[in-house]
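Copied from Swiss-Prot, the annotated features are:
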COMPBIAS  112-123  compositional bias 'Gly residues'
DOMAIN    161-282  domain 'MI 1'
DOMAIN    324-447  domain 'MI 2'
REGION    21-43  region 'Disordered'
REGION    57-124  region 'Disordered'
MOTIF     57-63  motif 'Nuclear localization signal'
MOTIF     446-452  motif 'Nuclear localization signal'
Amino acid sequence: MEIEKQHVYISTVEVENLSDALFSGDEENGGSEERKTEINGNWIPATSITEAKINAKAKRRLRKNSSRDSGRGDSVSENGETQKAGLVVPTSPKGKVLDRRSRSGKGRGLPKKGGAGGKGVWGTPGQVYDVEEVDIKDPNYDDDQENCVYETVVLPLDERAFEKTLTPIIQEYFEHGDTNEVSEMLKDLNLGEMKYSVPVLAVSLALEGKASHREMTSKLISDLCGTVVSKTDVEKSFDKLLKDLPDLVLDSPRAPQLVGQFIARAVGDGILSSTYIDGYKGTVDSIQARAALDRATVLLSVTKGGKRIDNVWGSGGGQQSVKHLVKEIDMLLKEYLLSGDLLEAERCLQELEVPHFHHELVYEAIVMVLESTGEKTFKMMLDLLKSLSRSSVITMDQMKRGYERVYCEIPDINLDVPHSYSVLERFVEECFQAGIISKPLRDLCPSRGRKRFVSEGDGGRLKPESY
């Protein structure tokens, strides 16, 4: 037993010495013999015991090193070989960090590459579900939920929000002139009891605008009647306008006459009753309201049978024909020659609302100067062009275009007016001195070559101009 215990409890040092002796003996003897050890009556080769000890020691080291320390220091493989820190042993826990497979059988909850399934995914893309049927026996069933129709409720506009919302709409209408667009925008609003205020606001803005704006306002009220507002609303709106005339006069002195024209146009369009004016007889205390009703009465009495009044505001802007504009400008210049009022001539030109056609006035004014025989027309037209140029009513581009038209047609004008070249040169020079035209435009003025006389060669003496 003592012998067996001695064989069993062999220290590590003895095993190593034994291994060294064994291998050294093999080398000396050429490996002819193999030493054996008896354990529990069994003879086991010494090499097997040595390998078992080394493997056990290596496994203990691996178990001792945790996964957090596996990346530091050296490790020993199962074969007893030392591994460097940069190399990862296949059995090391760090090898599982680089493994892309799930560490548990349930996965990480990500959708599959094929499409359907996964956390937060409701089937394949494009999958159609059946309509969920309502269970009447469900404890949470509510019969009031069936056949429900949901719609957006728009609150009615108050007075402040009404003016803030509709003012940009009407001002934009003055630019594009599309009544259908205004009608669609007003239908989207819940006007409530403020419908009658639509014509009131439109007329109030038109009083401060141009004649074309007032014409567009009359057309807008006529088109909105029956779709957005009713005839009762139109009557109510004009009642309010007549009542507010004392305040409107402060901003627009011509408000009574203009409101009277709006009333006459509304009666002519058929959106206001013909007896509307008669209802105010003897009941009007305001001077402004009485003046407005008198103006409407006069306009309606001129027409036959209350026909539609189309020209109550005149035709302004691009609605006018070229022939009509030429006639208006000719009358404007003739009235100016009679009155000499520069401000009135400027106002009449602006009321035409044709800034793109102002070159016609420049052309007609110069032609009148060429056709005139006295200095009065010359001086008055020079003052007119100077005033219009300084006030920027006529732009430099329109002024230049008017002069260029005269330059092109001066040969034809000279057939009727023999001295037109000399008069034109003088007028152009005066305009340049007054700052009306530029130097390049003055230099473009054509000049007719002097006629050569037969006797011009006699001593080089020239004939006088009056010859």
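Residue numbering: from 1, along the chain as shown.
Quick reminder: no glycine exception, Cβ is built from N, Cα and C everywhere.
On the 0 to 100 pLDDT scale, the model's mean across the domain 'MI 2' (324-447) is 92. The DSSP breakdown of the motif 'Nuclear localization signal' (57-63), given as helix, strand and coil counts, is 7 helix, 0 strand, 0 coil.
DSSP places the residues of the domain 'MI 2' (324-447) in helix, strand and coil in these numbers: 98 helix, 0 strand, 26 coil.
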